[in-house]
Amino acid sequence: MTNPTEHTLPSNSILESREGEFGCTVMDLRKLMELRSSDAIDQINVHYGGVMNLCSRLKTNPVEGLSGNPADLEKRKQVFGQNLIPPKKPKTFLELVWEALQDVTLIILEIAAIISLVLSFYRPPGGENEQCGLAVTSPEDEGEAEAGWIEGAAILFSVIIVVLVTAFNDWSKEKQFRGLQNRIEKEQKFSVIRNGHIIQLPVAEIVVGDIAQIKYGDLLPADGILIQGNDLKIDESSLTGESDHVKKSLERDPMLLSGTHVMEGSGRMVVTAVGINSQTGIIFTLLGASEGEEEEKKKKGKKQGVPENRNKAKTQDGVALEIQPLNSQEGIDSEEKEKKAAKLPKKEKSVLQGKLTRLAVQIGKAGLIMSAITVLILILYFVIDNFVIQRRPWLAECTPIYVQYFVKFFIIGVTVLVVAVPEGLPLAVTISLAYSVKKMMKDNNLVRHLDACETMGNATAICSDKTGTLTMNRMSVVQAYIGDTRYHQIPSPDDLVPKVLDLIVNGISINSAYTSKILPPEKEGGLPRQVGNKTECALLGFVSDLKQDYHAVRSEVPEEKLYKVYTFNSVRKSMSTVIEKPGGGYRMYSKGASEIILRKCNRILDKKGEAVPFKNKDRDEMVRTVIEPMACEGLRTLCIAYRDFNDGEPPWDNESEILTELTCIAVVGIEDPVRPEVPEAIAKCKRAGITVRMVTGDNINTARAIATKCGIVTPGDDFLCLEGKEFNRLIRNEKGEVEQEKLDKIWPKLRVLARSSPTDKHTLVKGIIDSTVGDQRQVVAVTGDGTNDGPALKKADVGFAMGIAGTDVAKEASDIILTDDNFTSIVKAVMWGRNVYDSISKFLQFQLTVNVVAVIVAFTGACITQDSPLKAVQMLWVNLIMDTFASLALATEPPTDSLLKRRPYGRNKPLISRTMMKNILGHAVYQLTVIFFLVFAGEKFFDIDSGRRAPLHSPPSQHYTIIFNTFVLMQLFNEINSRKIHGERNVFSGIFRNLIFCSVVLGTFISQIIIVEFGGKPFSCTKLTLSQWFWCLFIGIGELLWGQVISTIPTQSLKFLKEAGHGTTKEEITKDAEGLDEIDHAEMELRRGQILWFRGLNRIQTQIKVVKAFHSSLHESIQKPKNQNSIHNFMTHPEFTIDEEGPRTPLLDEQEEEIFEKVSKPGTKTSSLDGEVTPQTNKNNNTVDCCQVQIVASHSDSPLHSLETSV
């Protein structure tokens, strides 16, 4: 992979020479795509002779698309480039090694080891050795003297091993992250027409000249020019900063830009620029160049002694984000907030990360104090013994020997600190998450943000969509009401009047997205494939069941002949299509939610096909006798209607007038069966202490019936099922503002929210998260598929997007993508999340036992024997076992069903429970008893020479080798004990299902044998006899037996035990900190590319002078930028949005007639001024969506405004 800065565009001469091949060059198309509105239309018409002629120049057919000839596609890639923006160059292994070497404790060890190494070669002058006291208390032979350098060299070697292991782990982690990113990118496909067929193509395979089909919810992968569009609206805020949606049409503005979102409508475009030649790619290229320039400046600044800019906030991975104020006043406010934030403790988005950070700091402080006391005691004892008790003078020639002792003491202290500081915790978290993410892919969970995996383990509530998640999303019409008759099964075509049959067929075939269709089954005897919107597919299937052909209708009325299309959105809750009648005038077909469309009908077709009046009492009767019975059977009801316009040109922009006086053709009942595995999955959630709520756009009766089938509600339960309108009435005050107190009375009992908009979903999620009801804050997971589900997905602790039915916008806002759109996969995510939490707790139980024992042994040994029984290199080896191998073994335990039989841990539950504390202290007591017995009585028990008070460079003793070997073997068997943290007795349960664990334990044991038998002086070891090995092994196995003893002690009786590793409590959060956004450093680490994007988009205001096309007016505006976010919102990542503090008033779900009046008035914007609410479309008719987008207007003095006006 290459850095964007290394990619330069081809020179103009080369580009111009290629003009003959396609009739236009890359530069021509780039210049064309920089134009907007009338300028763009003039250029297309004057220079290219219209869009169709441009297609001819690009050798593509606007209807059939490219032929798909490999040679032609390859030529296009060579001439116009590939649709790839090169990612940031990954760090090399050597760079990661250098980063690992920056660890403070390792640096201290390196310095101490080098000093030890240098001084070991010093020999005091002969004859005066006796006066140096303790340094030469016993004579050394030549071999012992020569061995002095070995300890220093061994420490250096151990540090190198630790650094290499750390660098390798970082490298593999980054590789895995990039693999995950590549997987996500490969998942992204786009619809293009090739050789007359619509195919799904990976975004990277799109070339200039492709005819792309665009629809609601798409993220445009390349620049293009509109060929044909239906009510198309684009969100261009990612490039222009304008939050208002831009209406696209051939007459107004046909320019479509990569990185923008389709918020409404559909259409076709010809691709004109891809990759680094697209508008997004150009900005990326500029950012790469500006980054290179800045780095050069930084280097020069350092050489010349220029201080770096202080207005930079360092992120975790060292990327500096340049902060610029939005305007003068906001700049002051943001500066004050920044200062406050700098003083306050940061809250972690990930519950686990927050707890681990706090615990690591506590342990680190304790370790630092213990190591300092250890060094102090060793030095004081040495000084007092030599210079006070024995009254020896300080001789100059003895100074190097004394220094050697001080260095040795210092090394002991540092090794105590190294063992005490739990560096293995981040590694254990990374390994556990990476392992879980990899396995979750097999369970149809594509994790985009690593912390979401762990957060799911704490989930207490799931707000789920109905269609496709709880149901099969395999819709079919099973009942109908046509001509005053209710059919409980599909009627025969002979039963219907020809006129009515034709109206049904035309009303469905024409008034459905042409991308929705029924294809033959993939396997013989299988069900026909439904492509596109599943609701529309159900209606098309209804046409086929009536023995009619919708293809024939669409051939007669191709998409180009559609006069006007009102696409489905959350305000209309319907879709309407207008066509010209052969004899003059227009006909409009409408379809939508039955209660919405029927309210706009004033006539209905009777048995003879004649239109008869349809009054309010008739509508109420139909609702009572037709719609409600269908809904109670779990069917969704849709109404199909039409209207003829015979006189003149109607006011098409006045929807309130157009969408009235309809004639009802039919009402159909659509069945979407509940997935067979869902009831069991919801039962598991209930057992696991997770409340499942259904949030749907369906009728309240339909929603209640489906919820009952799923097991979300059971008859007789005291739970609420509300419609969005009633929900808003209950939670809002007279001003329309949400009151948390009112919401707190509703949400605990709410199980079904029907006829809801995405605003309602966001309000519910926010209300549950912000609620203070109960001891713990709720952890909420949300599913979403529509563009307008973005705010709710972002607000939730974990957002699940649908991989099949979900839009690109929803996927971008999500944390996890369900590749099978199945609720059962969410339950598996819960299981994996809890498993991560348990894996970290297992590792903690193991590591803290080692910490406690190693620190106490080193400290006590130093105080009593002036030496640590465990040498520096041995402790580094133990630390390596702890940090790497144990984390690998314990963090990769597979999950079990028992995880779902426990309640959620909660945000404030400690990482170290009382049971774990009992295990840690219990095993520490056993190990300390054994080690102290061996230290002070081991030589007598084994009948060997004592290793205590040995001279500085004396050879390794069997005594201390036995202590070291016993210590390691006890840790090894305690690793098996640590597999269980909830008091289970059978620690071997499922051990052979985890091959990694078995391999690590076996590998560590073999390594220990090699170290003891062949490690020699570097490891301060000597060979042991067979009987000594058996004793060591017996003591190690005693850990397993002792574990059973500890398990018999009831935890409740040990009330003196305290818990540790709590989350941040409410009392600990200051008032100033309450408003701060939660920051997830793991996410920032994962998505360095997006951080680069954000940084560059802000910095481009000062770097953009390199672009020659900008006029001089731009240079003035750059000096005083007033708009921070002019073009920053490319992928709308949550960590980059700036949440406004003011109260938000979402769109109320009022009477449809009132909404239509507001929306359809000319000049009315869909976003309110303080504006958080922009009504949008939804992919499926069953949900009702409304998007909240942040308004960041392009200021008249901003560089981007200059760019737009001057180009």
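Yeah, the Cβs are placed from backbone N, Cα and C, and that goes for glycine too.
Values in this document were obtained by computation on a predicted structure and should not be read as measured data.
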Query raised in the report: Going by Swiss-Prot, do Lys871 and Ser957 end up on one side of the membrane?
Result: yes
**Report entry** 114-131, 708-725, 1086-1103 - the one Swiss-Prot records as region 'Calmodulin-binding subdomain A'
**Finding:** 1086-1103
Query raised in the report: Taking 3+ C-beta pairs under 8 angstroms (sequence gap of 6 or more) as contact, is the transmembrane segment (872-892) in contact with the transmembrane segment (844-864)?
Result: yes
Report task. Take a look at 844-864, 919-939, 958-977, 995-1015 and tell me which one has the most Cβ pairs under 8 Å to the transmembrane segment (1029-1049). Result -> 958-977
Query raised in the report: Looking only at the topological domain 'Extracellular' (1016-1028), what are its DSSP counts of helix, strand and coil residues?
Result: 6 helix, 0 strand, 7 coil
Query - Candidate with the highest Cβ count within 10 Å, taken from the recorded positions Asp465, Asp785, Asp789 - result: Asp789
Report summary line: In this predicted model, the topological domain 'Extracellular' (122-147) has a mean pLDDT of 48
Query raised in the report: Top stretch among 369-389, 919-939, 958-977, 995-1015 for CB pairs under 8 A with the transmembrane segment (844-864)?
Result: 919-939
Report summary line: For the transmembrane segment (919-939), out of 369-389, 958-977, 995-1015, most C-beta pairs under 8 A are with 958-977
**Report entry** Helix, strand and coil totals (DSSP H, G, I; E, B; other) for the topological domain 'Extracellular' (390-408)
**Finding:** 13 helix, 0 strand, 6 coil
Report summary line: Other same-chain positions with a Cβ less than 8 Å from the transmembrane segment (995-1015) and lying at least 6 residues past its termini are 877, 881, 885-886, 888-890, 892-893, 961, 964-965, 968-969, 972, 975-976, 979, 1021, 1023-1024
Requested in this report: Could you tell me which three-state DSSP class Asp789 (Mg(2+) binding site) falls into?
Outcome: helix
**Report entry** Rounded to the nearest Å - Cα separation of Asp785 (Mg(2+) binding site) and Asp465 (active site, 4-aspartylphosphate intermediate)
**Finding:** 8
